[in-house]
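Peer 1: Input: one structure, supplied below.
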Amino acid sequence: MRPGGALLALLASLLLLLLLRLLWCPADAPGRARILVEESREATHGTPAALRTLRSPATAVPRATNSTYLNEKSLQLTEKCKNLQYGIESFSNKTKGYSENDYLQIITDIQSCPWKRQAEEYANFRAKLASCCDAVQNFVVSQNNTPVGTNMSYEVESKKEIPIKKNIFHMFPVSQPFVDYPYNQCAVVGNGGILNKSLCGTEIDKSDFVFRCNLPPTTGDVSKDVGSKTNLVTINPSIITLKYGNLKEKKALFLEDIATYGDAFFLLPAFSFRANTGTSFKVYYTLEESKARQKVLFFHPKYLKDLALFWRTKGVTAYRLSTGLMITSVAVELCKNVKLYGFWPFSKTVEDIPVSHHYYDNKLPKHGFHQMPKEYSQILQLHMKGILKLQFSKCEVA
């Protein structure tokens with residue numbers, strides 16, 4: 001073979017190999033790509049492509065979290081709670097009578113909403129109360145706000161007056177006796193049967209100031225649920241008449257029972273009805289004669305009238321405010337933080353468990369005298385707005 005022929009044969013062989021190579025590669029590429037994908041899936045354990053990003057060896061591997069999901073749930077809950085707040089306002093303004101189950105459903109919904117104190121809401125509401133009523137100066141009768149010679153009108157029997165003579169004037173403190181005002185943490189303890197087995201006693205007793213209503217029991221087994229500390233307790237004059245025989249033959253029993261309240265203030269509505277005056281004064285003189293540690297105070301009738309007008313504008317139109325709402329209103333003015341316990345005007349819990357009216361008995365109030373569900377809807381609004389906090393169920397025990 002000629003030298004030129006050998007060179008041509010070599011070139012022809014190379015061209016043939018190149019042609020075969022080109023024909024073979026396109027047919028194999030899809031198969032190879034499938035292998036790479038399967039290998040990639042194994043390496044990433046099925047992670048979606050959207051979460052697989054190119055990165056240098058120094059870049060940290062990103063972690064898939066549920067923070068977005070949690071944020072969405074939080075926004076949904078916030079929106080739900082806002083709607084619930086508006087719903088309660090509308091609910092309380094309705095003239096239609098709502099059933100106990102309606103209220104319990106609302107309370108169930110409220111319990112799913114996280115509570116947070118709202119300083120601005122609290123300040124605004126407190127300012128409105130101070131403007132209309134001014135508990136700091138006018139909550140109780142004092143020598144400063146009721147001088148000798150005043151003709152004081154009764155709260156309910158407003159056409160009747162009592163002249164303030166020296167013998168009455170000397171029963172009054174010189175000024176408001178709440179020297180440590182404003183108190184940081186206050187507990188207003190109602191008497192609802194919801195307190196039974198609540199284990200709230202320790203938490204209540206840690207408060208700076210504890211308000212109670214109508215001489216409730218605080219010793220023995222109940223103390224673990226209701227606490228034992230008392231700074232101020234109201235007394236309904238009917239208790240003095242019915243339970244203590246108007247402090248005649250049962251004076252000793254009265255003095256024995258009140259010893260459990262330490263140096264608390266006893267608050268009586270001496271100037272609400274004329275029938276209350278003599279009984280309230282009898283309590284004052286009994287404590288003076290026995291040199292008891294407690295001091296007697298009297299609700300100022302004008303304060304109570306102004307307070308009733310304030311709540312009337314919000315739909316509470318009953319014959320008279322309950323003691324619980326009166327004291328709650330006082331606490332908002334005297335305290336920075338207010339928590340309510342034992343406020344439960346219903347016959348059962350949200351779990352449908354029967355509840356006694358009081359934690360110590362099941363005696364119901366006079367029909368129509370107070371407007372408990374209407375008042376309670378107002379308190380629910382204060383809770384939802386972060387002005388005060390309602391304890392609905394058992395307390396957390398450390």
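Backbone N, Cα and C define each Cβ position, glycine as well.
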Peer 1: Based on the annotations in Swiss-Prot, which residue of Asn93, Asn144 is described as N-linked glycosylation site?
Peer 2: Asn93
Peer 1: Pick from Cys186, Cys200, Cys213, Cys395: which one does Swiss-Prot say forms the disulfide with Cys335?
Peer 2: Cys186
Peer 1: For the substrate site that Swiss-Prot describes with Asn236, Pro237, Ser238, Ser322, Thr323, Gly324, which of these is also annotated: Asn196, Asn214, Asn362?
Peer 2: Asn214
Peer 1: Looking at Swiss-Prot, which of Cys200, Cys213 bridges to Cys395 via a disulfide?
Peer 2: Cys200
Peer 1: With an 8 Å cut-off on Cβ-Cβ distance and a minimum sequence separation of at least 6, pull the same-chain contacts of Cys200 (disulfide bond), or say none.
Peer 2: Asp225, Val226, Gly227, Tyr341, Gln391, Lys394, Cys395
Peer 1: Highest CB neighbour count within 10 A among the binding-site residues Asn214, Thr323?
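Peer 2: That would be Thr323, with the highest Cβ count within 10 Å.
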Peer 1: Tell me whether Asn151 (N-linked glycosylation site) sits in a helix, a strand or coil according to DSSP.
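Peer 2: The three-state answer is strand.
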Peer 1: Taking the residues Asn214, Asn236, Pro237, Ser238, Ser322, Thr323, Gly324 listed for substrate, what is the greatest CA to CA distance in Å, to the nearest whole number?
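Peer 2: Farthest Cα pair among residues binding substrate: 17 Å.
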Peer 1: Quick check: of the recorded positions listed here (Asn151, Asn196, Cys335), which one has the Cα closest to that of Thr323 (substrate binding site)?
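Peer 2: So, spelling it out, the nearest of the recorded positions is Cys335.
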Peer 1: Which residue among the recorded positions Asn151, Asn196, Asn236, Ser238, Ser322 has the fewest other Cβ atoms within 10 Å of its Cβ, if you could check?
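Peer 2: Counting other Cβ atoms within 10 Å of each of the recorded positions Asn151, Asn196, Asn236, Ser238, Ser322, the minimum falls on Asn151.
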